[in-house]
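As given in Swiss-Prot:
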REGION    1-20  region 'Disordered'
TRANSMEM  33-53  transmembrane segment
TRANSMEM  77-97  transmembrane segment
TRANSMEM  102-122  transmembrane segment
TRANSMEM  155-175  transmembrane segment
CARBOHYD  Asn178  N-linked glycosylation site
TRANSMEM  201-221  transmembrane segment
CARBOHYD  Asn223  N-linked glycosylation site
TRANSMEM  232-252  transmembrane segment
TRANSMEM  312-332  transmembrane segment
CARBOHYD  Asn357  N-linked glycosylation site
TRANSMEM  371-391  transmembrane segment
TRANSMEM  409-429  transmembrane segment
CARBOHYD  Asn440  N-linked glycosylation site
TRANSMEM  466-485  transmembrane segment
TRANSMEM  498-518  transmembrane segment
TRANSMEM  541-561  transmembrane segment
CARBOHYD  Asn575  N-linked glycosylation site
Amino acid sequence: MSALRAEQQPSRSGERQPLVAQGRWGPRRWRRTAAAAVLLVEMLERAAFFGVTSNLVLYLNSLNFNWDGEHASRATLLFLGASYLLAPVGGWLADVYLGRFLAISLSLLLYLAATGLLLTTITDDGRRSFCGEMPELPLKPACPSANCQGSWSSPYCATTLYLVLLLLALAASSVRSNLTSFGADQVMDLGRDATRRFFNWFYWSINLGAILSLLVVAFIEQNISFLQGYSIIVGLVGLAFFIFLIATPVFITKPPTGSQVSSMLNLAFQNCCPGWQWWRRPSSRNSEGAHLLPDQRSNQPGPSPQEDMANFQVLLKVLPVMVTLVPYWMVYFQMQSTYVLQGLHLHIPNIFRTNPNISLPLRSDSSNYRIPEAWLLLANVAVILILVPVKDHLIDPLLLRCKLLPSALQKMALGMFFGFTSIIVAGVLEKERLQYIAANQTVPQLIGKDLYYAAPLSIWWQIPQYLLIGISEIFASIPGLEFAYSEAPRSMQGAIMGIFFCLSGVGSLLGSGLVALLSLPGGWMYCPKDFGNINNCRMDLYFFLLAGIQAVTAVLFLWIAGRYERTRQDPDSQNSTSRVRG
């Protein structure tokens, strides 16, 4: 009864407790119900997101737009990067103006509008309305010169598609940054172990949504039509929005509490440029509290200047750890861009047998469904769906009893190693594929309505690199998320979570920029004689370059992580950190 009475008491901070918590089930049962609703919304939203990203290269490379492989791969990396890079924007709006509940609701509405616009571009009338008529690709005789251009420099409908993808990235990033913390708020009162388990199952729900998307949506997009596939995506977002609104009575919602961005910038300038008097002027909070008694000052909203300084010091310690994860994210996002491009140029088996006497143009009907290339992502997702529960219920408790449980930083280092091995395996496979291409051993295959000249290597050879990147995700991404949330002071958890997602987006954008740089004349990814394929590119060298970058930064990460662990073991540092975290 005491817990129930505590739930009924109004919060001084304006926090709204769930109305239904006064029922006979008690607050603990409703906290789990609220968390389950958040997990379901996340699963549906991720299913929609992966429905867009898994075949975005194929969609842009199709006859609807005729983008070449380099442009399509770069657009996918830019979209993935923006969907993470913009995470602090949604978090800042929630902290300062909207609150997390309203920010998530508006983000889902924007999500619904953006996916609707993307659906419109699939139809001929909608595409002509937004993009105009597609320019004709001039027919030219074969040219042996390396300067022959097979496509126009500006992709068709680029402005419209990039704008739609930007809106979609803004919505997805806002949902990601706010729904994670919003879900943790629902179980915070149940203890630290409940929060840790929530993050594990939150990540599990993400990958369950990916399974749903890859098995159903990706198959429909590749073998039936993008119109039906993207219609399902719009329906998934609409259902997520409906469930989130229906579950409103069981949610704990908190009002906006303000942002510490200005305080952090103030302290940064004080440390870098102490001579700048403007940054050293007293804040309004100091001047307002100067004449107050100590008890009255403690009730002022927002952290004190001492807490600001302590938070800034924590940020200086945590940020280098997260920055050295950026090359890992460069490797990780290849899974949804260049790995897909590589798979389109490997032999993809048919699900059903076809009559060999049927001509090639007639083999694209319903009797010749091909296994979607995006299904290779299932190897990554299946590893996570299987290993996360096993790790949570069996491996971690066993290691804990034996006192061998690695720290979050040690797990992240192990994740970097598996990411390194994944990109090495991809490079070796690409090198082998190019040997078949050099020997003029190619297999023409139709994927949807598009013709690709693939090497006679089975696409199943990509499974090891997807499995390895999936294992790396368990050891790098999940512990990284837990590290960002647990190491941050309570007043900065949202900001540091946003920085974590933002830096992962930086990794995707750096990967896109590296592809663009290597696509310049003379670069490894420069292959103007290839329209829509990569057979004259040297993507194997690109993979090996990423592996080298990952190896160097992994060594740097080990050094930074070692210093961080030694700092945490310092008694004075532990005392100051505990005071900040309350």
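Glycine too: its Cβ is placed from the backbone N, Cα and C atoms.
Using a Cβ-Cβ cut-off under 8 Å and counting only residues 6 or more beyond its ends in the same chain, the transmembrane segment (102-122) has close neighbours at 45, 48, 52, 64, 90, 93-94, 129-131, 157, 160-161, 164-165, 167-168, 170-172, 174-175, 178-179, 182, 225-227, 230-231, 233-234, 237-238, 240-241, 244-245. Counted over residue pairs 6 or more apart, the CB atoms of the transmembrane segment (155-175) and the transmembrane segment (201-221) come under 8 Å in fewer than three pairs, which marks the two as apart. Taken residue by residue with DSSP, Asn440 (N-linked glycosylation site) is part of neither helix nor strand, so it is coil. DSSP gives Asn223 (N-linked glycosylation site) a helix state. Within 10 Å of the C-beta of Asn223 (N-linked glycosylation site) there are 18 other C-beta atoms, taking all protein chains into account. Comparing 77-97, 201-221, 232-252, 312-332, 541-561 for CB pairs under 8 angstroms to the transmembrane segment (33-53), the maximum falls on 201-221. Looking at which of 201-221, 312-332, 541-561 has the most CB pairs under 8 Å to the transmembrane segment (466-485), the answer is the stretch 312-332. Listed by sequence, the residues of this chain that lie at least six past the ends of the transmembrane segment (312-332) yet keep a Cβ under 8 A from its Cβ atoms are 263-264, 267-268, 409, 412, 415-416, 419-420, 422-423, 469, 472-473, 476-477, 480, 483-484, 487-489, 492, 496, 499-500, 503-508, 510-511, 514, 546-547, 549-550, 552-554, 556-557, 560-561, 564, 567, 576-577, 580.
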